[in-house]
Amino acid sequence: MGTNTSSLRPEEVEEMQKGTNFTQKEIKKLYKRFKKLDKDGNGTISKDEFLMIPELAVNPLVKRVISIFDENGDGSVNFKEFIAALSVFNAQGDKQRKLEFAFKVYDIDGDGYISNGELFTVLKMMVGNNLSDVQLQQIVDKTILEADEDGDGKISFEEFAKTLSHQDLENKMTIRL
């Protein structure tokens, strides 16, 4: 892929258009942004380079977001991974993909369920020391009790989706280009 060259080839842009909701113009704009973020010019964005983005640096879930962007698990994000992940947040992105992304934030081990421990870990990232561990555990227990319909002590994707069914994910998980 042409991430090390100065521009994307037309066939690369066309291929990315098929898998995302981005226009050719948006893909080219995102590529320029990607190249600016790729400080060392190696064609990937490292975790350190991601942390230089002011909006992400202050996000308590930044490490979880980066790990989800990094589909192949090599510790950095190439342009194909970057555009695929951002397409979830496109205004034309569907609610299902937004739900799947949100679920992955909580499903740390990727087993398809959000356990008590995973929910505690992610919520701890968000609240820091603003709540005691006891208070946080009470919130986790209550959340699982309310969302866990089959009584297995964890939250499946279906249970997660149902719990968030009344949330406005289309707007809350959308970035404007």
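These residue numbers are counts, starting from 1, taken along the chain as shown.
Using the three backbone atoms N, Cα and C, a Cβ is placed for every residue, glycine included.
Keep in mind the model is a prediction, meaning the values are calculated, not measured.
The annotation domain 'EF-hand 1' is assigned in Swiss-Prot to 25-60 on the grounds of sequence analysis. Per Swiss-Prot, Ca(2+) 1 binding site is recorded for ASP38, ASP40, ASN42, THR44, GLU49. Sequence annotations record features per position, and here Swiss-Prot assigns domain 'EF-hand 2' to 62-92. According to Swiss-Prot, the feature Ca(2+) 2 binding site maps to ASP70, ASN72, ASP74, SER76, GLU81, an assignment based on sequence analysis. The domain 'EF-hand 3' feature in Swiss-Prot is assigned to 94-129. Annotated Ca(2+) 3 binding site per Swiss-Prot: ASP107, ASP109, ASP111, TYR113, GLU118, in sequence order. What Swiss-Prot records for 135-170 is domain 'EF-hand 4', and it gives sequence analysis as the kind of evidence. Per Swiss-Prot, the feature Ca(2+) 4 binding site maps to ASP148, ASP150, ASP152, LYS154, GLU159; the stated evidence is sequence analysis.
Taking the features listed in Swiss-Prot, we show where each one sits on the structure.
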residue : record                : CB count, 10 Å
ASN42   : Ca(2+) 1 binding site : 13
THR44   : Ca(2+) 1 binding site : 21
ASP70   : Ca(2+) 2 binding site : 21
ASN72   : Ca(2+) 2 binding site : 10
ASP74   : Ca(2+) 2 binding site : 10
SER76   : Ca(2+) 2 binding site : 20
TYR113  : Ca(2+) 3 binding site : 19
ASP152  : Ca(2+) 4 binding site : 11
LYS154  : Ca(2+) 4 binding site : 20
GLU159  : Ca(2+) 4 binding site : 19
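Among the listed binding-site residues, namely ASP40, GLU49, the Cβ with the most fellow Cβ atoms inside 10 Å is that of GLU49. Across the binding-site residues listed here (ASP38, GLU81, ASP109, ASP148, ASP150), the residue whose Cβ sits among the most other Cβ atoms within 10 Å is ASP38. Looking only at other Cβ atoms within 10 Å, the busiest spot among the binding-site residues ASP107, ASP111, GLU118 turns out to be ASP107. Outside the domain 'EF-hand 2' (62-92), and at least 6 residues removed from its termini, the chain residues within Cβ reach (under 8 Å) are 1, 3, 16, 19-22, 27, 30-31, 34, 43-47, 50-51, 56, 98, 100-101, 104-105, 108, 122, 125, 173-177. A gap of 6 Å separates the Cα atoms of SER76 (Ca(2+) 2 binding site) and THR44 (Ca(2+) 1 binding site). Report note: the Ca(2+) 3 site is defined by ASP107, ASP109, ASP111, TYR113, GLU118, and the residues of the same chain whose CB lies within 8 Å of the CB centroid of those residues, excluding them, are TYR106, ILE108, GLY110, GLY112, ILE114, SER115, LYS154.
The average pLDDT computed for the domain 'EF-hand 3' (94-129) is 94. Between the CA atoms of ASN42 (Ca(2+) 1 binding site) and ASP150 (Ca(2+) 4 binding site) there is a gap of 47 Å, rounded to the nearest whole number.
In the three-state DSSP assignment, the secondary structure recorded for ASP109 (Ca(2+) 3 binding site) is coil. Here the domain 'EF-hand 1' (25-60) is broken down by DSSP into helix, strand and coil counts: 21 helix, 3 strand, 12 coil. Between GLU81 (Ca(2+) 2 binding site) and THR44 (Ca(2+) 1 binding site), the C-alpha separation comes to 9 Å. When the domain 'EF-hand 2' (62-92) is classified with DSSP, helix, strand and coil residues number 18 helix, 3 strand, 10 coil.
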